[in-house]
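Student: Residues or ranges marked as repeat 'PPR' by TrEMBL: 205-239, 240-274, 275-309, 310-344, 412-446, 447-481, 482-516, 517-551, 552-586, 587-621.
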Amino acid sequence: MKLRHPCHRLRLTFRQQFRCFATKYTGRVVVEAENGRSFAVEVDAPTLQTDSRGYALPRRDLICKISQILKSPPSASTDPFLDLSDYLDTLTLTLAPSEASEILKSLKYPNLALKFFRFCPSEIPKFRHDCFTYNRILLILSKSSLPTRLDCVREIVDEMERSGIRGNISTVNLLIGIFGDGQEGSVKELIRCLDLVKKWDLRLNCYSYKCLLQAYIRLSNSDKALEVYQEMRRRGYRLDIFAYNMLLDALARDQKVDQAHKVFEDMKKWHCEPDEYTYTILIRMTGKLGKPGESLSFFQEMLSKGISPNLIAYNTMIEALAKGRMVDKSIFVFSKMVENSCRPNEFTYSIILNVLAAEGQLGRLDEVVEISKRYMNKSIYAYLVRTLSKLGHASEAHRLFCNMWSFHDRGDRDAYLSMLESLCNAKKVTEAIDLLNKMNEKGVKADTFMYNTVFSALGKLKQIPHLHDLYEKMKQDGPSPDIFTYNILISSFGRVGEVEEALKIFEELANSNCKPDIVSYNSLINCLGKNGDIDEAHMKFIEMQEKGFNPDVVTYSTLIECFGKTEKVEMARRLFDEMLAAGCYPNIVTYNILLDCLERSGRTSEAVSLYAKLKEQGLTADSITYTILERLQSGSHRTSRVRRQNPITGWVVSPLR
């Protein structure tokens, strides 16, 4: 090493700011040029500093260098661990465990840390992990999301035992936290942790007991958690409020009421003041047990201690009262909630709605709305409308919807959709059409889904004039129809025998941006077949195959029924065989249709064979199947059946549909 310096003796010190444990090197001048301008220095091995216990302090420059090597991105030609091996070969002193621990701490990725942890004893001569490096890698694994992390931890613990490395209480605490995470851990693993405590001659401290308590709770074992708590009490250790609440919640969930009450009394006795979460747990527990009086006592005790209930506490109290069907007290607590500036949420309103509906007092909903009028925005109105609609209370939903309409300039799309669905379900299609037409006034644009909802209701109620008018309005003002619109219209027109209209809609569909799908063809085939044009229905069946659509069980069943009703039994049988050959398996409806067809035509033996095939396929006969079988056995297929005549086609309609 050559340096240009006028001095004959040199002390070299490598320092970096904020690095208090820099390594110091000393050297001697061994060769000097005659002019004194250059010389050679021999550097001695550094004397490592030690702490008060005599342990060597980590060499920070070494730690930084190794961390830098490991963090360098690997390439096809280089491996960081090969570079690390080369670098370590240049060192006079081997890497110490304390330095390895610091390097592990600096590594960002668990896989890299684990690889380095394995590298040290296998590649560095005389290196041996100590308790602190084991703790470091366990801590890294505890925070990782590696899918094999538990297996890695088990391997490390096994290695510690084989190597005779004695862990400390921090090791045990880490293992309890890892194996008690509630997902992959188990009680068996926690028992092993306690065995290690005995093997290593350790003693659990207060923090260890808290970790163990939390682990058992996460593993849903409240009995073991309670045992740990009782052991803590015997040893004079105290829990904090967080641990008490965890234990109380676990006992409450497992309905260990007496134990929960005892822990609550201990909590107050040991001068750990309950908070709003403590009382919420107890209120929920007694409420679920159907003891709203006790819930109310806990609530009043909380208030008397000057604790302000939060939203969860209020909701829990109202829920407990609602479970006991105490409508007046539920509304009273709700009013206090608003009075104390605690904003109700959707869950609050759902509790009150349910109890009012259960008690037949939905008329008091106006009182609830008035109490909380300062918090009544369109979102809450929309939620109430949706909930009432789902509960089947269309009148109340409509009345509340009218209030929302009056108080807010802009509407809520979900509320309007819910109101539309509610009106359609209640068969109030005139009001639904009126709402659809007026949405724009509130800044809500009627979309295709809304139109389809009303189209479907009109079709089921056979309100064809309204259907015509609304469809024309949609084409004129928008939005554009989608495939569902066309399919609903084809089915609706077919239901009332307007075949020409159905064909017209199908043609519009074929010429639009949407193209017919299998549902479109099924609807049209059903329309044509059920209204007497079986040949055209069959042509559409062939056309859909030519278009690349594979007929499904609905297609085949529809055509088989149509052929059966026109006494074309052979054609019906042929379609059934074609269906099987195409790999389309008939369902119980298909079998019932063909069984009825064969029975009506007097082909008893074929019907019996078909029933046998039905059972072979593993299908379960229904009431219609048994009705047809009874007719077969009684031989009454020609005399005792009473069927009504279709006014359009003159067909005799079977009781299947």
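Even glycines carry a Cβ here, placed using N, Cα and C.
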Student: Mind tallying the repeat 'PPR' (447-481) by DSSP state, helix then strand then coil?
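Tutor: Residue counts for the repeat 'PPR' (447-481) by secondary structure: 27 helix, 0 strand, 8 coil.
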Student: Going by DSSP assignments with H, G and I as helix and E and B as strand, what are the residue counts for the repeat 'PPR' (205-239)?
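Tutor: Its residues divide into 27 helix, 0 strand, 8 coil.
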Student: Take the repeat 'PPR' (310-344) and count its residues per DSSP category (helix H/G/I, strand E/B, coil), listing them in that order.
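Tutor: So the repeat 'PPR' (310-344) is made up of 26 helix, 0 strand, 9 coil.
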Student: From the DSSP assignment alone, can you count helix, strand and coil residues within the repeat 'PPR' (482-516)?
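Tutor: The counts are 25 helix, 0 strand, 10 coil.
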Student: Please spell out the DSSP helix, strand and coil residue counts for the repeat 'PPR' (275-309).
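Tutor: Helix, strand and coil residues of the repeat 'PPR' (275-309) number 26 helix, 0 strand, 9 coil.
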Student: Average pLDDT across the repeat 'PPR' (482-516)?
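Tutor: Averaged over the repeat 'PPR' (482-516), the predicted model reaches a pLDDT of 92.
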